[in-house]
Every structure is written in structure tokens, then in C-alpha cells.
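One structure is given here, and the rest of the page talks about it.
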Amino acid sequence: MAGERRKGMKFSKLYSFKCFKPFSREDHSQIGSRGYSRVVFCNDPDNPEALQLNYRGNYVSTTKYTAANFIPKSLFEQFRRVANIYFLVVAFVSFSPLAPYTAPSVLAPLLIVIGATMVKEGVEDLRRRKQDVEANNRKVEVLGKTGTFVETKWKNLRVGDLVKVHKDEYFPADLLLLSSSYEDGICYVETMNLDGETNLKLKHALEITSDEESIKNFRGMIKCEDPNEHLYSFVGTLYFEGKQYPLSPQQILLRDSKLKNTDYVYGVVVFTGHDTKVMQNATDPPSKRSKIEKKMDQIIYILFSILIVIAFTGSVFFGIATRRDMSDNGKLRRWYLRPDHTTVFYDPRRAVAAAFFHFLTALMLYGYLIPISLYVSIEVVKVLQSIFINQDQEMYHEETDRPARARTSNLNEELGQVDTILSDKTGTLTCNSMEFVKCSIAGTAYGRGMTEVEVALRKQKGLMTQEEVGDNESLSIKEQKAVKGFNFWDERIVDGQWINQPNAELIQKFFRVLAICHTAIPDVNSDTGEITYEAESPDEAAFVIASRELGFEFFSRSQTSISLHEIDHMTGEKVDRVYELLHVLEFSSSRKRMSVIVRNPENRLLLLSKGADSVMFKRLAKHGRQNERETKEHIKKYAEAGLRTLVITYREIDEDEYIVWEEEFLNAKTLVTEDRDALIDAAADKIEKDLILLGSTAVEDKLQKGVPDCIEKLSQAGVKIWVLTGDKTETAINIGYACSLLREGMKQILVTLDSSDIEALEKQGDKEAVAKASFQSIKKQLREGMSQTAAVTDNSAKENSEMFGLVIDGKSLTYALDSKLEKEFLELAIRCNSVICCRSSPKQKALVTRLVKNGTGRTTLAIGDGANDVGMLQEADIGVGISGAEGMQAVMASDFAIAQFRFLERLLLVHGHWCYRRITLMICYFFYKNLAFGFTLFWYEAYASFSGKPAYNDWYMSCYNVFFTSLPVIALGVFDQDVSARLCLKYPLLYQEGVQNVLFSWERILGWMLNGVISSMIIFFLTINTMATQAFRKDGQVVDYSVLGVTMYSSVVWTVNCQMAISINYFTWIQHCFIWGSIGVWYLFLVIYGSLPPTFSTTAFQVFVETSAPSPIYWLVLFLVVFSALLPYFTYRAFQIKFRPMYHDIIVEQRRTERTETAPNAVLGELPVQVEFTLHHLRANLSRRDSWN
């Protein structure tokens, strides 16, 4: 079986290239120094020297708490919040005589809130502990002292142990691969748990350790880097039989990755437990807090200030009243209080001290102004909101079986306030599914038909004729029959016709480069014989497929060769040719090119290279520039058609030159220093010169479904969209037109360094002069752009004002991001309707995002799909990852994940708007209900000469926030909708309510606070004045303290819950149950609590059953007070809807009118003034925000 497998998998010797073979000529200067001090004794963990090193064991714990520290550590986490600290202090003081109520009544709500959070933390930690136990107790085979493999638990592994891992098992630690079931020591690894990628990685063992028979007797020593978090790097040396062998990431198998398609592997443990790279990466992502949450903290501080002010005011009046209780001649004013025989708390002779102690009492008494359950309620609401986002079927992508995912619940409401979206292009706006559509060879363009971008652009400009539509449709039918990745048609070269072309030899060389210059893996289906390719990028896959379809089939590769089925251009027959693979000069974002060095069957050394035009044309030899002008013209046309282009070149290398270069290159590869990569790039740079131009490729990356409509809708919502792409300027501009980012009639402001003066300075090689001239050029262009937009900005409120689109390339962006120019660049950018940054590096993407976020102070959202977008996602206020073809790094670094860009429309305009509105209304209501309750205590205190006696029973106050008013507000935060999802999408301008923070402005917050204070005044004074002098009992007695307290408290509970009912726009049965159920729970509590013995129920004893409930006055006063307390809000809302309606009010009124009248626009006849005022106000604000200072 193993032999058959080896035979069938010969092709998989991919990474056993000669360039990866170990060499003993290594500089070990850094081994043993700081950062490179780890020593591993292979297969000898009991070595005395190994024992002295005392490395960590393989036991892993990801829990936050232990049984010993759970209570203190969890309590510490809870009391980091200022409000909780306040309530804790109050709880302690409640045991003193200063307390206006009993200690248990204070402790109960605090314990409930803290306890609920601690239970949540404990449950989550128990889940983590369960996962840890499962992982630590997994079994793995380890080589024992007897020379046989025995099973042991993961947690018992030690550094230096030799282990055997079987197919589909996870690696228990970071291992050095010694051998595998394959002859050449390779294995396939799935790294889903590390980076989210599902495609298999290929690893290979050093040739010296790949012999399975001698593996049990293997002894060696590894000196390598210390534990670190870098998943894709490893520096070390293996000392074996007197020789030194450099180690690379290709030999390292990381913990929690899985062995696939390989029967077994042998490995030696290098890093264990928390030293493994996966555990080194187990850190929390950057903490992000929404602007609403930050503002909420400010409101809490305001409430604390109000608390201190009213407590101080009460203590001053109390001190004055206490001082007056005894006049200078010793006469007592309030003799019935016996001020001559009292404690310091009421002693007229020590009035200042009495006032101070009263101040402390008042701080506790009015503490209900601070909402103790606010934070917990918001956490619950946000989690439930996240569940709704995750379950939204409209954001589920059936083709990939990927739903939307809220990876954090902290930023739900922030989704409703996004001002600027910064988007990657490839894989985000486009499908990242490359198709070979055109090419230029020897100055001749090949490939028929129009691209998707060309069609969209011509349709937008109204230039598309019926004949062109028919031609393109016929080509589309051919494309549907083509294989994936190849939508090319040109009768001159398909089906082997290229051999009849006058430049057939150059065509042969062109496609030969495409078939050889790559790192793809051929996979042959044993049943059908069909070959598929595993490539590092969709571009590479498209090139290999294109070369195969045009007669150059890549079918096998080993560590030293690449084999092709080729069409011979002389005979037209297929022949097999084997090319010896010597070195691969890998692609990187800085190099922007890739090359391979091969020896062809004629024994000639060839360098085959492909790369970006910005770097390749500079490397052409003088005699290799034939057809350069034509090729550049074709590249420009391809870019205008939205295609991605690469330049294809080659050169023949002299044998002597190669020998000298190879020695330098190999020396660079075997270095163990920080500048190793730079030295490798420098060596590669020396051979990649004097190239001969063959032509260029053009691949199409089609737009994702629904992207233009999504961008159009977001633009209507007033959201600005920036595209940050690595593409050429022409490509980016035309993609911008195709996806509606740029529109016909929009004036483009192009900022670039393509000027003859700067090019002349570059040729002279004067870098300082180039930098200075470039800086001045960008400064001038930015100021010219500012002058163009100035007139429009001054008249921004006018309809149909001119629109601008800013396009800036990567070189220009480098200078625009300079601290001296960034302010001008940003001000110009935010005056434009669309911004495209071309040729952007990953670092520039992150810097632009930071500039927009910090410079505007508004909410930014970054969206991308690749590892190069991670910095941008983490820098933005909100990071959205696209789960696309470039792995899952972006998703794992994001706050929200969606499968397609078009789902961003619903995520923002629907869920963002709802969450923003729910959270803001929820917070405002929280402060309203606490002020309405807390100020009734203050008014009663003032009425009772600030005696320090609360108006209510202790347990009434304790249960207010926890039981009688908490559930309705949670229901509000989860279920309320001002308008339906359909209307959110139909009227995108509604989204501006969140962007402009209309619903959480200081005006609105203070308005709700004022509403609470007014309600408290009405409740208190109306209750006092209607009940204090009236006969309440049948025997003529007036109300006492306990009845008055129950009546006021009932009025508060009814008022705040009815206020909730009239504030809600979208009722569900859950909200009905919670609102009216909370009122019912209050009466149920009153009956049960009042039936307890008087020693416990105190003033509540039978007060409702025997006194309040039987009295008609109680119910009459309750109705009158509640109605009167709600009347100011009713009045305000009626005025607002009539004269200053909010945009959602207009929509709701319009929909209501449409349902009751046949005329669909009847509301516009009834509310013209309101509509025009509101729309004008929104547009004015929308334009005004574009002027940044």
C-alpha cells in the first residue's frame, strides 16, 4: 500500500528543490545569542544538559481563571468599572449608622449584577478548561527507552522527544520533520486552526533524516531561535554527525495543524506548551470600543456630578436647618425632635459636622441615579443582536456555505455610524477568480471580446451598440464552455494554430515561461487522468491552465525538474521536455516579480521571469527591448479594460556567471542573521537583469455579484468609499467606473508623479533632489485640487453640485502621507465623493486608514479579504473580513465577517441602523428611568427638610433596576425597529441619522434626562398634593408615609414602563410580556413581600392588600399621575412630528398614509414643509461634514 502511494505521488516533490537543500557553509554567529538561544537534544530528552535547560512542559492552559484565583480575579475585573466601585463603597457604608436603608437591600442588587457577570465568566472559562483537558489528554506515539513507540498523553511530552503522528492527527507540539511515509520525506499539512486556510501546505524533511530505518537511532542537536509568534519563519541549525544543516519553516510542523494525505510522519519536539507558535499567538486582538460606549462613560460621569451636586445642596440646607433648631438664647424651634439630646448627626451645636455626615447619607440615598444594571443589560443586548446578525439568511452565501459572522459584539451600534469605507479591491470588490483573457506577444495583441469592465464602462457612457452586444454574447457562450481560469479566444493561436504565426518561436518561449515559472503543484486524478493545479495564487493557476490549453502542459515536477508536454513549433507534434529546476527566486510585494533558473534539454541555462511592468521594463537589456513600445501600449489598453497585467521576459545565463552568482546566493540563504532576506533579494537582483522582452499577460478578475448596486446604495446613504488597491492607475479607474464608484460626469483629480522633470532627476540618480521635487509636486497638485473643490464646497447645500473623484498612486501617496502634507491630502480627499489609492502597499493601506480615522474623528470601516489587509482592518474602527479565496487571515483579524461585498449593504443599512437606534434609545431610556426614580427621592427629601429618610421601603429601591424595569429595556434593545428592513434599503438616507449621531446627540441625551426630571416632579408633587390632605381610609385618616411611598413608587413603575411602550415603534409579544409583566411583577412582589412579618417587611406590611388596593383614591391618583407624567413627552413628540420630524418619522408617516389612502404619494401633500425641512437639514449636515478642519 505504501509503495503504491509513493508511486502515485511522485509529483509531490515540490519543495525539495535544490534551492532548499541544506548547506554546511552557514554563519552561526547569532546561534546562542539573545533570541537564538534554544538548544534541543534530539531523541535524548533525559540528557543531563537537557534537564538543566528546564524548558516548559507540553501542558497548555487557555483558561482565564483557576479555582484559587477565580473569585478575587473576577471581582477585580468587575470593579474596574467606576459605577461598580461606587456601589461597593455604598454597600460598605450601609453597615454604618449613616445608611438611609438596610445593608441587605443595598447588597442584593450589587450581588445580583456582579454574580450574574461572574457566572457568565465562570461558564465561559469552564468551556475553555474542558477544551484544554481534551487537548492535553490526546494520545501520541513517542519513542520510548526500549526503542519502541508507546502511547502517551500530549501533556507528558518533553522537548527532544521523538514522536510518530498518523494521518488526520493533530501535531502535539512544534516538531522538526524527520521522515514521512513518502520516499522523499514530504508530508501535507492543514493549517486551518492556525491561519484559517483550508488548502494543504507541503512540508519536507532534510534528506539526511528521511531514512525511516535509521530514524529510531537518530541523535542530533538543534540550536534555534527562541519561542516567538511568527508562524511563517524559523531560523535554526541541526548538528548531526559533525555537520551543520540550516533549518527553515519547510521542516517545521506546528502544533494544532493536522497531518493530511500522508500515512505518518516522524518528528522531534522543538517547542512545547506555551512556547509553541500557536500559543505565542494566543493574544487578544486590539481592543475596540464604540463611540457610543465612550460617550456613555461621559454620561455616567455627568450623573455622578448631578449626584454630588444634589447631595451637596441637600446637605447645605440640612446644615442650615439643623443650626436653626437651637437659637442663641437656647430656645428650641423643633422641640419635638429633641435637638438638645441627640447624636452628632443632628446636633445643632455641630451643624457643619452634621451637614457633612448628611452629605455622605445623601450620596447613598440618591445613588439610584446611577444605573447599576446598565453595563450588564447592554452586554446581554449586544450578544443577542449578534445572534440575529449571524442568523440573517439574507447575508448567507449558499455557494460557499458561509453566513455572516459577528466576531465581536462590542461594535454592533458602530455599524450604524460608518462615515467612510476603505476597501481592498482584489477579492473584495472582485471575485479573485482569475481568467486568462488576453495577451501581447512580440508586439502583437491576442484575445477577442470585451471584458466585464469594458462592457460596464461603455454601457455607462451609452456607447454600447447592438452589434457589440451580440458579438460579446457569442464570445460569452464560448467562455461558458471553456475551462475555469481560461476565457481566451483567438483563432490565430488556439488549437495549435500559433505554429503558423510568423513569430511562432517567440510565442513558444512566451507560453513556456508561463508553464515553468511558477510554484504550482500538478494533481493527477488516478481515475480520469485529468490534471488540476494547486497554486499559491489564482493568477498562477490561470497562467498554468492557459499554457496547457495552448499546447504547453505542465504535468510533473520533482525536487530538481519540471516536465512539460509541448507542441514543437517545427513539426507541430507533442513532445515531452524535462527542465532541470535549479533555483526559484520567489515573489514578494517588494520585489514585484518572480523568476526561476532552469537548464533546458539542450543544456542551456535560462532565467525565466515575470513581474509588474513598473519593475520589469527597467531590467530589460538594450537588445531585449524590441516591441517595447507596442507592449506598453497593449498593457495600457489592458489596464483600461480592468485587466491585471504581468510582463514576461527571459534571458540566457553564461555558465561562469551562474557559478559565481550561485555561490553568493547560497551563502545568503544559509545565513542566520536578521538581514538574511535582504541579502537574498540583493543576490537575486544581480541575476535578474539584461532581460529579453517576450510580451505581457492580461487576466480578468470579474466583479462580485451586486457590487455596483451595493456601492450605489451606500453612496446614496452618504457613506464615502475609498478603494485601496495595488493595481495600476488605469486598471483602478476603470474598475471604479464598472462598480459605480466613479460616475460619468464626475470630475477626476489625478495626483501622480509621472512628470518628465522627475524622470530626468531619477535618471541622474540624485535621490535627494528626486524626493524634494516629488514633495513639491504633490504639494502643488493637492493645492490645485483644493482650489477646484473650494467653489463646490462653498455651495455644498445646492442640488446637483459637481462631484469629484480623487485618484492617487502609491508613489504620490508616500509623500501625501508625510506629516507636512497629510492634512491637505485628507481635506482634499474628504471633499471628493470617491477616492482611489492605486499601487498601495499593505503599510500604506493601514496608514491611510489611521489618517482618516484620526483626522476626521468619524467612524471608519475597512473591508478586505487577504493577509495584506490585516493591518488596515485592525486600524479601522470596524474591520470586516471577506471569507474569500485568499485564506482566512483577514476574517480572523476582523470584527465582522461576510462572504460577499454586497452583504455590506444589509450589514450597515439594516443591522447597523437598527443596532445604533436600539442601543442609543436603550441608553437614553436607562438614564431617563433612573432620573425619574432618583429625583422623586430628592423632592421627597426637600419636602421632609432633608431628613435623610427615603420615600420608599428599602427593598422597593433595591428591586427597581433589577426586576421592575430591566427586561423591557432589554427587549427594546433586541427587537425594536423604527422601519422595516425593506424600508431601510429603500430609503438609504435614513442611515445618516447614525452617521450624524442624531439619536445620541447631547441635545437628545439631555432631553431624555430632562424628561426624567420633569416626570419625577409631576409624580411627586401631584401625588403629595392629591393625597396629603385628603381622607384616604374609611375612618377619615389621611395617608401615612408607607401609603404615600407605595403610591409614588407605583406611579414611577407605571410611568417608566408606559414611557417604554409609547417609545417603541415595533411591538412583539415578548415586549408586551416584558412591559406589562414588569408592572404585574411589582404588584406580585408587593403582595408577597407585604405578607411577610413586619420585622422583615417593615413599612410594606399589608400596605397594598389592606390599604392601597381597596382605596379608589389610590387608583384614581395613579391614573392621573401617570397620564400627567407622560403628557410632556406626548406634547413634545406631537410638535416634533408636525414641525420638525426626523427622517424615520416621515417614512413611517408616509407608509401609514399609503396604507390608508390609494394615492402612494399622498403624504407629500400633507407634510411638504416637514419633508423639505428634514431633507434639507440632512443634506446640509451631510455636506457640512465634508469640510474638515
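Each Cβ is built from the backbone N, Cα and C atoms, and glycine gets one as well.
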Check for me whether Swiss-Prot puts Gln52 and Leu608 on a single side of the membrane. yes
From 499-521, 1005-1027, the residue range that Swiss-Prot assigns the feature transmembrane segment: 1005-1027
For the transmembrane segment (1041-1063), the candidate among 72-93, 98-120, 921-940, 1070-1090 having the most Cβ pairs under 8 Å is 921-940
Asp424 (active site, 4-aspartylphosphate intermediate) versus Asp869 (Mg(2+) binding site) - Cα distance in angstrom: 7
Under 8 Å for C-beta pairs, could you tell me which stretch among 72-93, 300-321, 1108-1132 has the largest tally with the transmembrane segment (921-940)? 300-321
For the topological domain 'Extracellular' (1091-1107), mean pLDDT (0 to 100): 86
Using a Cβ cut-off under 8 Å and a sequence separation of 6 or more, which residues in the same chain sit near Asp424 (active site, 4-aspartylphosphate intermediate)? Val723, Leu724, Thr725, Lys845, Ile863, Gly864, Asp865, Gly866, Asn868, Asp869, Met872
Cβ-based isolation winner (fewest other Cβ atoms within 10 Å) among the binding-site residues Asp865, Asp869: Asp865
Near the topological domain 'Cytoplasmic' (1064-1069) in space but 6 or more residues beyond its ends, with Cβ under 8 Å, are 971-972, 975-979, 1148
Tally of residues which DSSP labels helix, strand or coil - the topological domain 'Cytoplasmic' (1064-1069): 1 helix, 0 strand, 5 coil
Out of 1005-1027, 1070-1090, 1108-1132, which stretch has the largest tally of CB pairs under 8 angstroms to the transmembrane segment (955-974)? 1070-1090
Which residues, given as numbers and ranges, are at least 6 beyond the ends of the topological domain 'Cytoplasmic' (975-1004) yet have a Cβ under 8 Å from it? 291-292, 295, 394, 416-419, 713-714, 716-719, 858-859, 905-906, 908-910, 912-914, 916-918, 920-921, 923-924, 1064-1066, 1068, 1070-1071, 1142-1144, 1147-1148, 1151, 1175, 1178, 1181-1182, 1185
Below 8 angstroms Cβ to Cβ, which residues of this chain, lying six or more residues outside the topological domain 'Extracellular' (941-954), approach it? 100-102, 104-106, 314-315, 317-318, 321, 358, 361-362, 365, 1020, 1024, 1042, 1044-1045, 1048-1049, 1097-1100
